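A short worksheet on the structure shown next.
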Amino acid sequence: MNQKAVILDEQAIRRALTRIAHEMIERNKGMNNCILVGIKTRGIYLAKRLAERIEQIEGNPVTVGEIDITLYRDDLSKKTSNDEPLVKGADIPVDITDQKVILVDDVLYTGRTVRAGMDALVDVGRPSSIQLAVLVDRGHRELPIRADYIGKNIPTSKSEKVMVQLDEVDQNDLVAIYENE
């Protein structure tokens, strides 16, 4: 794959997350009864970064959980090498029933990952609402899903790939578009 363009560098990612944190606080009139839940892998780190920013702004900690949606994906025909579904589940430290859950992911594309995330959340509890925050929305939805908080809208073609790199995983903060060869 050839890198076509850098969309967000470290500073732009930091700014986008700070703006999203402010939008969350404003929309929810504070963050009481709100839980951030990151979708594995990069969504977890984005949720943690958002929680840090919200705590800096509001002065109160925000609960962060994580979910692994592998079992819930409808577009993965084989989950493991022996054809058994891979069950990871959720690690959410509090009951989400009657709480506002903000699902956090890195890239919104077809909507299938988010749908799987919502399925996983409903298996854990019944939140009063589910909101969606993404660092990048690249379009090309296959399901009627829309993000409530978006770091950056990036129009792409289906032949392009948007890659998010985060320091916690990739030792670098960067969002770039790559062209498939």
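Cβ from N, Cα, C; glycine included.
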Besides T41, R42, D105, D106, V107, L108, Y109, T110, G111, R112, T113, V162, which of R15, R19, R138 does Swiss-Prot list for that substrate site?
R138
According to Swiss-Prot, motif 'PRPP-binding' applies to one of these ranges: 62-74, 101-113, 140-152. Which one is it?
101-113
In Å, how long is the longest CA to CA span across T41, R42, D105, D106, V107, L108, Y109, T110, G111, R112, T113, R138, V162, which the record gives as the substrate binders?
18
Measuring CB to CB from Y109 (substrate binding site), give everything in the same chain under 8 Å that is also at least six residues away in sequence.
R138, G139, H140, R141, V162
Give me the non-local Cβ neighbours of T41 (substrate binding site): same chain, 6+ apart in sequence, Cβ-Cβ under 8 Å, ordered along the sequence.
V169
So, three-state DSSP: helix, strand or coil for T113 (substrate binding site)?
helix
Taking the Cβ of D105 (substrate binding site) as reference, which residues of that chain separated by at least 6 in sequence fall under 8 Å from it?
G38, I39, R42, G43, L46, T113, V114, G117, L132, A133, V134, L135
